[in-house]
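According to TrEMBL, the feature domain 'HPt' maps to 4-111. TrEMBL lists His54 with the feature phosphohistidine. For 212-413, the entry in TrEMBL reads domain 'Histidine kinase'. Look at TrEMBL and you will find 415-550 tagged as domain 'CheW-like'. Under the heading domain 'Response regulatory', TrEMBL lists 575-691. If you look up TrEMBL, you'll see Asp624 marked as 4-aspartylphosphate.
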Amino acid sequence: MAIDAKLAKMLLETFKAELQELHQSMINSLLSLEKISSTEELEEILKTLFRYSHNMKGAAASASVEPIALMAHRLEDLFSNWRQKKYIPNKKQINACLEVIDNLLVVLKAHCQGEVIDVENYLAPLSGGKSILKNQEEMEDSEFIKLPLKRVERASAKANEFITYRLKLENWFKVIEYQLKELSQLPQENLALIKNLTAISAASGQFLGEFSRSVQALQDELKVMRMLPVSTILIPLARTVRDVASNLNKTVELQVQGGDIELDKAILDAIKDPLQHLVRNAIAHGIESNEIRKKLKKPIPAKLIIEVTQSAGKIKLSVNDDGQGIQIEKLRKRALAMEFYKQDELNALNDEQILEVIFASGFTTQEDITEIAGRGVGLDAVKSDIEKIKGTISIATKEGKGSSFTLTLPLTLATTRGVFFKLKEQVFMLPTLSLTALYEIKLSDLKVVDNQYILIVKNKPIPIKILNQLLKIDESPLTKHLTYYGLLINYQAKPLIFLVDAIISEHDCVVKPLPFPFSKLKQFIGVTLTGESELVLVLDPVLLMKRALTHKTFSFQQITTDEKTIEHQPLHKKRILIVDDSLTTRSLCTSALEAAGYETVTAINGKEAWHLIQTMPFDCIVTDILMPEMNGYELTDMIKKDARFSHIPVIIVSLLDSQEDKDRGFEAGANVFLVKSEFDTHSLLEILESLL
């Protein structure tokens, strides 16, 4: 029966995605044959390989991809033969199968381009011959995630426009509320008019709440469509580990933890090459040879562990090896010899800071590569690639025990969560991902060491930069009676707090590139809009830190002080859980509560909070409502319905302020409902005092 062109195209696209999955699954199973420990395990793997090849043959035939069907049939015969004989293939045979399986993707690509294909050339490795291919060519699969990716991106872009519309509505609603307060001062004969307008305002507020929730739900659903498990790029690394280790006569075992955590496909694509580089470096230069490991009585195989975790709206991906680590003193000498630092500058850097030199452009450890692990070569490119997607990379090492490279990444590139702040009358934004914490600061809180303002945070001195002065907006000194806000950024193991005049808000936004000629302003990564349709420049945190660290008033020597810290001593040990997806709210609440003597723990959504509640005791819970994964209503309801936790007071602090929202909060079991527009930390402390 003839198949129409539209259906044939759909079947082919479906088969492309299926072949990609089968290709990786077959590679994983073949690699598992090298580690079998029992006959039962052998039988199970061969049975799986036979099933994969059989399914591939059927799918290829359905999609009319005859060359793949023939290749799959040959593989099916081979695996069937191995099953019947319970044969354990040797390394050479496994390599031959791997080569043929790689050829499947090349054959499919050639078929789609209408090329004439001699299947036997691609099957040659099975009979001891050589493939006609010198290198593996990967089929480009970046166009598809169940749906064409471009279609998902277009839908995401349209949905992101609603963020601006929502901000505009919120701004207009604030104006209406203000005007109503003004109208309430009119004579009594206007009372009916004012009452009607107030009712309209309340209805508008309810609509705004519903609209905000709908926009958030739409964004969340579209984000999910862009997400893929990190394992989709981690599992193929097993092949890289095997090949590199085999070439170097090393034995290395790859372990993946947290591979089911999902990331935006655009980010996954961007970190493929950096991960390959880090893995190759770890095996080639970090992990010792089998002979050396035997002498050191270290286990064989060596361990290479890739760990993925999610916290506070960020993904952390670590590449950890149990190799020789990096000799810090050797690194210092090399940095001095290459004139990256002068001797007095080196003396001022601690071990964590000197490690950052391996990311410097042009730095190399080539002169003594085995002594200091060869980690510097090419890592500047890795760092650059990660920073392009608004991520960071850091390193930790212990001599003789191994090294760990950690990538900190955003969940998605579709939108950017940012903290909006004021410098005089100008509004700027910094991506939340780049910020570690926020502080409310008075001049009296600061100390002066070597002509440099510092703030003592948890017994550690952190240098201060006045952002007005750094950006040359206002050179005036700090004023005693004013309250400032500090944005903490940690870059290359160097923490720094930037003082700003006011924090306006924190929310998701769409950042667009600066148009020419403003694109030449390198300290900005783009521009976004406020609810008043005003343009807001988005600062580049990396370039901001670089500029601050080279600013003439900044001294990066080790700061020591005997001054009494500005932090208040704890009055009691009441533990408060703060649940909010806003870094601003979490930081300011944490700062105020810890200053008052409370112990605080934070969570970015109800799901994370619920996990914490079940693992440690809390005296009170302060939660927002609108959060991803589990909102504040749902969290409160779960707490109050569970006999183990129903006694814990819950305080809701939310932007939602309609009576309906408040009623819903109290119905869920909240003890107190605070509106963020009327909220301050002093009132929160008073409420906690009364509840506890």
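Cβ atoms here come from the backbone N, Cα and C positions, even for glycine.
Helix first, then strand, then coil: DSSP counts for the domain 'Response regulatory' (575-691) stand at 55 helix, 23 strand, 39 coil. Here the domain 'HPt' (4-111) is broken down by DSSP into helix, strand and coil counts: 96 helix, 0 strand, 12 coil. Against the domain 'Response regulatory' (575-691), the recorded stretches 4-111, 212-413, 415-550 differ in Cβ pairs under 8 Å, and the greatest number is found for 415-550.
Per DSSP, the domain 'CheW-like' (415-550) is made up of 22 helix, 74 strand, 40 coil.
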